[in-house]
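Read the structure below first, then the notes.
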Amino acid sequence: MGFVGFSSHAVSLQLSAGFHGQTFPSLSKSAPYAGIPLTLSAASSTGTTFSGLSLLGPLPSLSRPGKRLVVFARKLWGLEEAMRIRREREELEATTTKVRKRQPLRRGRVSPRLPVPDHIPKPPYVGTSAVPEISSEHQIHDSEGIARMRAACQLAARVLDYAGTLVRPSVTTNEIDKAVHQMIIDAGAYPSPLGYGGFPKSVCTSVNECMCHGIPDSRQLQDGDIINIDVTVYLNGYHGDTSKTFFCGNVSESAKRLVKITEECMERGIAVCKDGAAFRKIGKRISEHAEKYGYGVVERFVGHGVGTVFHSEPIILHHRNDRGGCMVEGQTFTIEPILTIGTTECISWPDNWTMLTADGSLAAQFEHTILITRNGAEILTKC
Ligand SMILES: [Co+2]
């Protein structure tokens, strides 16, 4: 699960009805028809010269040029009109097909919070409604801490893997939440998002244009959706945090490409990590790769230190930056870039959690928790 960074350029627009989602191209655009070049350079009763009509083939012989010209021009207008109508119909069909393919995301019903048995230890923020401040302490572990981090991260990875197997058309995000909740509880862990700053569910499910922090609800997944599932578990006093974007049914090529490049961006960010490396290298490498494909890197949501505290320093920026600081062996943090096809600006739903691209375009995200080692980084949230 991500955290809102401090370098925010985001607009805080509330969603207004009809603002979000696909826009219909105005049909009036096609009204001034400019198809066949028709140039009547001269037209008189005594002599007629046609030019620019070669597209229409050989002209009939004109015994009475003036009259024939009028008739011919009428025919042309009829043709123009027919073509204009046809074009408008084709445009409309293209538009409705597009809309049918992907409706703007709509809110469903959010069911009551699921209970957690008393014997499961809860993180300290549970029971408070304010979003906790980001802790200034970097999380650097001894061998005992590393072993616990490994256990928490392994569990998070297994839960995410399982959650991904549930993704298919007609399944609701609420059903995914329930299954994830149960698996975490059964493992003796606590689902970290539940009750974090008042978040009402055990996992984040972010569909299509939702960038992150989507709340599981009664909406059924549709064929062609992409969905990020973001799992964080709290096990033996340590958080493990990971997310992945899954395909639901048949997904468009453009969505597949966005998802693939987003995963590659995360991997490239991880590849620069090692003891002593500058944090800003992560954003540089991610941005370079995203830019090659014309994608935007969202600046508002950042990676973070993770360990005994859910969100701490260092703040990991995924975009180009000159923030200082270097990685230290034994340190754990997340890298979790969000890429978009269109704008990187976001708007939120009135729940103040669900974040969507301001233009309704697709967003994808991947996240791993990593451990900094002397020569590189170990991905802890791997199955
Ligand atoms: Co996170």
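For all residues, glycine too, the Cβ spot is worked out from N, Cα and C.
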Practice prompt. According to TrEMBL, Asp241, Glu367 bind divalent metal cation 1; so which of Asp230, Asp351 is the extra one listed there?
Written response: Asp230
Discussion item. Going by the divalent metal cation 2 site in TrEMBL, where Asp241, Glu336, Glu367 are listed, which of the candidates His213, His304, His319 is also part of it?
Written reply: His304
Fill in: Separation of alpha carbons, Glu336 (divalent metal cation 2 binding site) and His311 (substrate binding site) (Å)
13
Practice prompt. Do me a favour and check the Cα-Cα span between Asp241 (divalent metal cation 1 binding site) and Glu336 (divalent metal cation 2 binding site); whole Å is fine.
Written response: 10
Worksheet, complete the sentence: Spacing of the two Cα atoms, Glu336 (divalent metal cation 2 binding site) and His213 (substrate binding site), in whole angstrom, works out to 13
Worksheet item: If you skip the near sequence neighbours and keep only those at least six away, which residues in the chain come within under 8 angstroms of Asp230 (divalent metal cation 1 binding site), Cβ to Cβ?
Response: Met1, Gly2, Pro193, Val203, Cys204, Thr205, Ser206, Cys212, His213, Asp241, Thr242, Ser243, Gln365, Glu367
Worksheet, complete the sentence: Not counting Asp241, His304, Glu336, Glu367, residues with a CB within 8 A of the CB centroid of the divalent metal cation 2 site are Met1, Gly2, Phe3, Asp230, Thr242, Ser243, Gly303, Val306, Phe333, Thr334, Ile335, His368, Thr369
Discussion item. Validating a neighbour-count step here. Other CB atoms within 10 A of the CB of His311 (substrate binding site): how many?
Written reply: 26
Worksheet item: Those binding-site residues, His213, Asp230, Asp241, His311: which ones have a Cβ sitting under 6 Å from ligand 1?
Response: Asp241
